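Below is one structure; the comments refer to it alone.
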Amino acid sequence: MANAFESIFTPVYEALGAAFSLAGLLWISVTLAAYVFAVIVARMSRDNPILHPLVITAGLVAIVLALTSTPLAEYLLSTRSIHWLLGPATVALALPMYAQWQRIRQNGWRLTVAVMIGGVVSPVIAWSLLYSFDAPLAIQMSMLTKSITTPLAMETSEIIGGVPAMAAVFVITSGIVGAITAPWAYRILAVNCPQAQGIALGAVCHAIGTAKALQISEEAGALATLGLCLNGIMTALVLPVLIS
């Protein structure tokens, strides 16, 4: 029992200790300031996918690290508390799932099948390309999590032997590309149903796709949230079992 409590609370104590150190307070403040600025820019651009807050934040932090000659390892150590919050953020996905529970009950198997197909086909195609070019195994494993939201992708990638930071890059890139190309794909394929548009964006393009779906309609946004949650949870549960 003592070992169990130690394994649970030790990371929390370490994260809090890093957060309240001088370096921790400095770099967390820099990160939060960059994110607030990025959110303002994104809203001014009317949520243009290219100007997603995560992209701008990462760019600004990278510039500050380069200007101050700060090693990435030092930054990661100082902001350990932010990484620890990935766990609670993952658990928080239960809230939008609960909000959409009535839709799940009404269209359970249809939604599940659609999300499974979208959540499997896209990463498998991307992984196949990496495999055919004999890419390093860690990169291949990181690519398999590209269609789920960042907190889940980073945690799942680490479990299956991928690189969490690389998984985050793949997630953001796939979300931006998907959100930009989705309207063209819908026009070419004559997909006019808001429910179908929302499920596709949520299942394949996660949070960035969900933001795009909300621009289509409230219903599309609701279905995108559902697709994001279902695909994220199923991938996080099933992928480690399949890889092992």
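For all residues, glycine too, the Cβ spot is worked out from N, Cα and C.
Quick look at what TrEMBL lists:
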type     : residues : note
TRANSMEM : 15-38    : transmembrane segment
TRANSMEM : 50-69    : transmembrane segment
TRANSMEM : 81-99    : transmembrane segment
TRANSMEM : 111-133  : transmembrane segment
TRANSMEM : 159-186  : transmembrane segment
TRANSMEM : 198-216  : transmembrane segment
TRANSMEM : 222-243  : transmembrane segment
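When Cβ-Cβ distances under 8 Å to the transmembrane segment (159-186) are tallied for each of 50-69, 198-216, 222-243, the top count falls to 198-216.
Panel annotation: around the transmembrane segment (198-216), residues 47, 49, 52, 111, 114-115, 118-119, 122, 147-150, 171-172, 174-176, 178-179, 182, 191, 222-232 of the same chain, lying at least six beyond its termini, place a Cβ under 8 Å from a Cβ of the stretch.
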